[in-house]
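Please read the structure below before turning to the comments.
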Amino acid sequence: MMKFRFRRQGADPQREKLKQELFAFNKTVEHGFPNQPSALAFDPELRIMAIGTRSGAVKIYGAPGVEFTGLHRDAATVTQMHFLTGQGRLLSLLDDSSLHLWEIVHHNGCAHLEEALSFQLPSRPGFDGASAPLSLTRVTVVLLVAASDIAALGTEGSSVFFLDVTTLTLLEGQTLAPGEVLRSVPDDYRCGKALGPVESLQGHLRDPTKILIGYSRGLLVIWNQASQCVDHIFLGNQQLESLCWGRDSSTVVSSHSDGSYAVWSVDAGSFPTLQPTVATTPYGPFPCKAINKILWRNCESGGHFIIFSGGMPRASYGDRHCVSVLRAETLVTLDFTSRIIDFFTVHSTRPEDEFDDPQALAVLLEEELVVLDLQTPGWPAVPAPYLAPLHSSAITCSAHVASVPAKLWARIVSAGEQQSPQPVSSALSWPITGGRNLAQEPSQRGLLLTGHEDGTVRFWDASGVALRPLYKLSTAGLFQTDCEHADSLAQAAEDDWPPFRKVGCFDPYSDDPRLGVQKVALCKYTAQMVVAGTAGQVLVLELSDVPVEQAVSVAIIDLLQDREGFTWKGHERLSPRTGPLPWPAGFQPRVLVQCLPPAAVTAVTLHTEWSLVAFGTSHGFGLFDYQRKSPVLARCTLHPNDSLAMEGPLSRVKSLKKSLRQSFRRIRKSRVSGKKRAANASSKLQEANAQLAEQACPHDVEMTPVQRRIEPRSADDSLSGVVRCLYFADTFLRDGAHHGPTMWAGTNSGSVFAYALEVPAAAVGGEKRPEQAVEAVLGKEVQLMHRAPVVAIAVLDGRGRPLPEPYEASRDLAQAPDMQGGHAVLIASEEQFKVFTLPKVSAKTKFKLTAHEGCRVRKVALATFASVACEDYAETCLACLTNLGDVHVFSVPGLRPQVHYSCIRKEDISGIASCVFTRHGQGFYLISPSEFERFSLSARNITEPLCSLDINWPRDATQASYRIRESPKLSQANGTPSILLAPQSLDGSPDPAHSMGPDTPEPPEAALSPMSIDSATSADTTLDTTGDVTVEDVKDFLGSSEESEKNLRNLAEDEAHACAILIK
């Protein structure tokens, strides 16, 4: 009979079809700023911008929501990019001197980016392929000749090659060799020296046949491509960095390595030109750094703009990253906090226009993109609708809030608009507006909250493709730090010369690492939130539309409860400011709760309907009533051997003494493992469990090699008292007839504490509850036998659905939970998921995820998956991410595996740690310090770029035949989006679900019938726990007096045998 129990049932076609309608894995879009940018391009006709990166990625941006992404086959650095103006084509140059042609093509009404052709410059004539010096043919600069499909390639060997862009083939007979240029140079200038590499190629605005060529030695040449001759020569002597034509083409501007720039007059009467008309060193006379790039733009109102990067005094400000903007007598030195990659101006490019009249200056930095309005006095920055630097301060935590009410959304946006730090606001709209966003307006608004190292919390609009900044909350003003001193120094520096002006928001330095935000929780119905930090600070805030000046109440909770033998060796707590403090419109602090010891907060949860906030650290957890501003509960979870928990966050290395002690313990344990131990009640119970396991798993049934037993962990493991999760629920804890508020806490050692709360009920129709004190009584204490850290806890109602959020049911925003049937609690540990019935806490279902060696649960969330085939059908499932980077989806409460996907590379530890799931089957994780990858597990709820671009060039069959491949998405470099469906029959029949009405804001959850772990339908579970019998120690502190006496009597006889539950 046991053989039939382990036989796998066949897949149910109906269920497999339903799973395909519910689940689908897609990596959809990358939010944030590209990591390690290396090149920049702009198409003034289509108004689109391209950014290349060191990893070989190409990203094109237009209007908000218009994005295209491509990835070169070789992970080489993109050094230059150039648009074929108005054609939707882009030419990229890599550091291996290969050229690649990209095209924006349309399929089914939407556009995407494809690589069409690639080209490698052949070896220098006269050399064979093996002996040719690579430096001679290394491409240093690329120019796309206007009004033609020709590209000029400048090389390190001083040659200029010409290329047919449509086919990426060399044009024979048109190569400009250095010898031909040297014949036009006076003998005294040559002096037997080479010209040097080609540093710059610039096209003539009105005459495309004329090309300005600059060599590194300083020689400037105007080459006429039509007549194949030199039109003009400028005999420069300074090492050249960059070139620029004047608008009327009568002047040429050059910048040099000594921090100077020169203006040359193109006078046909003087050949060659020996001296420039103007030569100046803006920040001289002392030695200066090179001016890497210079732009000259004239204005109809008179005068001209001179914009250049670099040129700072080498000794004083050689480490600054600056772009200088000079017009008439006005000079502004834009001081950035990261390296300058490139910049361009948005100006008129029509040949018939007489003036440039620049509107904006776009500067691409290593860590952000800054756009300045050149038409408004003061040249203020233009707010960016995307490409905001997520990592302006290092991201320390993140959270997602789905279905934000419109009223709260408007209040947050209004508060953010009042935060403009600039004295003058820009009247210029975002200048990069190309393409059309075809995606529908999102029906629901989503907020992404990111906590940062500098104590700020940033609010992002995550409803669509473009991640737009909305509001920034700063908590540093509540505490005494050294920032005032730094601000005074910065103010003093601004009065000096050069006239520095701080631009951009990237600031990687934090005034105090204790300000770092560790946990964030927001109630979208009451506009209240909690922010918890690195030094044990827990801040409760409330949204206000007007600025106020008020003092903040401070409460201190000692989690150790004066326990002896523990001494905190970490950092001190932050000192709060006293007295009334000014607070701008936005989230304003209501009360500050300080945990002692001041360790980093590891878990937090907020229940606004009860006005309670719970928080946990590595020492214990606390409960605080922020309405009465009084503590309710403090519980220490430290084990006597948890000495490492007192070291603080900076002491992560075990001491040599402790490491040696544990090593000798392991050696002794291995030597005596074969000896017979003294029999006691606990060992007898374990032996009985082992016998049951052997009986349940006959020897003729072969176990899968990757499966293993879950080994129980030692109770004295370091940091076993860390609180991993906290949870509020209105459920049955005392008995099956009376439900009430409860609080649940899970720790690193597999302990779960459940408290019954006495919360005064609010009056009918009232928002606030009475002022009576809240009481907390320990109801249950569950110790998981395998002692794996508890990652998440959730209570399921009688229909198997998770309980709604605070105020959702009372305000008719979600269906009320079923309080008639039996509730259950889902406890997710790092090794397995278990469902217990309430209030008896007896085993109902479980799933052992660690049957795969080395697999651990890292992130868990309950999500709603709507069907693409039927709008009225949805299921609530459990989504989890493992340390291997795999995402698994399970049914609830049956814990049946539905699908699993490979999402993140297992080596990407930071990406796995940063993952956040949404309530509707999507997720975010960091692929770099500045970028979130967005993915979707839902077949219906997908956020991806859907856009088009109006292109003005014909697409004939010849050009289409050159297309070699579609570019892979950059996101695939960080995990293969393969889809693996569970092969076995999972639920027999589709799970029932109630309908989704149009007036229901939140999608409904599936009402799944509870399954017993011994039922016949559970026999097809692939990763069953048979043979891995564990015992949970459950202590009930709310039973009847007779049961309590019995428990105490049993506890006195044998503590390990008390209230034991056997789970098979």
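Positions of Cβ are set from backbone N, Cα and C atoms, glycine also.
Within the list Ser123, Ser316, Ser659, Ser663, the entry that Swiss-Prot describes as phosphoserine is Ser663.
By number of Cβ pairs under 8 Å, the repeat 'WD 1' (38-71) is matched best by 340-374 from the list 200-234, 340-374, 518-593.
Cβ atoms under 8 Å from those of the repeat 'WD 7' (340-374) belong to residues 33, 36-40, 42, 44-45, 49, 51, 85, 205-206, 247-248, 292-293, 295, 297-300, 305, 307, 309-310, 321-323, 325, 334, 380-382, 384, 387-389, 391-392, 426-428, 430-432, 503-506, 508, 930 of the same chain, restricted to positions at least 6 beyond its ends. Proximity of distant same-chain residues to the repeat 'WD 3' (139-176), defined by a Cβ-Cβ separation under 8 Å and at least 6 residues beyond the stretch ends, is recorded for 80, 82-85, 89, 91, 93, 97, 99, 101, 117-119, 121-122, 124, 133, 194-205, 208, 211, 213, 215, 223, 225, 228, 959, 962.
Note: the stretches the repeat 'WD 14' (916-939) and the repeat 'WD 5' (240-272) are not in contact (fewer than 3 CB pairs below 8 A, sequence gap of 6 or more).
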